[in-house]
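So the structure is just underneath, and the comments pick up after that.
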Amino acid sequence: MSHVSICLLSEAGADPGALSILADRWGLVSDDQAVMALVLTAERLELRKRDEPKLGGIYVDFVSGTQAHRRKFGGGRGEAVAKAVGIKKGYLPRVVDATAGLGRDAFVLAALGCQVQMLERNPVVAALLDDGLRRGYLDAEIGPWLRERLTLLHASSLTALVAIEPCPEVVYLDPMYPHRQKSALVKKEMRVFQSLVGADNDADGLLAPARALATKRVVVKRPDYAEPLAGVAAQAAVVTKSHRFDIYPSSVTPPR
């Protein structure tokens, strides 16, 4: 396992031994000079940009906040991502989210009833996801179904997509895409997140293995101004105000 250097901090009230366990599990090496910090608080794990403290911490929260509001009051099956993966009455596809990020769309699909496996290659992001899942699994309201439907695999999609079994009906891709200079007021969360992971410059290499794994379709989320992934025109798209969900058919030959 290659190691990632990041400042590791523990606040008052946090389990004093948890930080070293976290570092060992995810292959993290503490660097006091690093701009990015992974902070263990009494409640959760947070990512912070030390030179911009006003941005606050980034963390995964499936129980409260925007995710809970989206689950309770969002568009449900009418949400663009739900339409794009093909959810309809009597059909809930199994989904591999191959670029999980902070798990937002994966959680929406799981809340609607899909079995979703998240893949995340960055160990810091995987640690944040794992912490959010751990807290979510313990929640009395969402824990029982979350444990059944939403799981995490820390691996690179470029290699893992070849080996996943059983094959999902849908592979979902949402690679990090550079923001246009005009949109300087990128949400604070994205500024912190992009400082850590940067752009997914190898994302074009995901489309072919994703289409070879999915038995039905691949869905690629793109900003409205972005070209298609790998320059391959989509078969269809679900379009929102600022994004589109490009849809590609599986390249798997169905059995005769």
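Including glycine, each Cβ sits where the backbone N, Cα and C put it.
Taken verbatim from Swiss-Prot:
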BINDING   Arg104, Asp105, Glu120, Arg121, Ser156, Ser157, Asp174  S-adenosyl-L-methionine binding site
**Q.** Close in space, distant in sequence - Asp105 (S-adenosyl-L-methionine binding site), Cβ under 8 Å, 6 or more apart
**A.** Val81, Asp97, Tyr172, Asp174, Lys221
Q.
Are there any residues at least 6 positions away along the chain from Glu120 (S-adenosyl-L-methionine binding site) with a Cβ closer than 8 Å to its Cβ? List them or say none.
A. Thr99, Ala100, Gly101, Ala126, Leu129, Leu152, Leu153, His154, Ala155
Q. Can you give the largest Cα to Cα distance in Å, as a whole number, for the residues Arg104, Asp105, Glu120, Arg121, Ser156, Ser157, Asp174 that bind S-adenosyl-L-methionine in the record?
A. 19
Q. Hey, what's the Cβ neighbour count for Ser156 (S-adenosyl-L-methionine binding site) at 10 Å?
A. 14
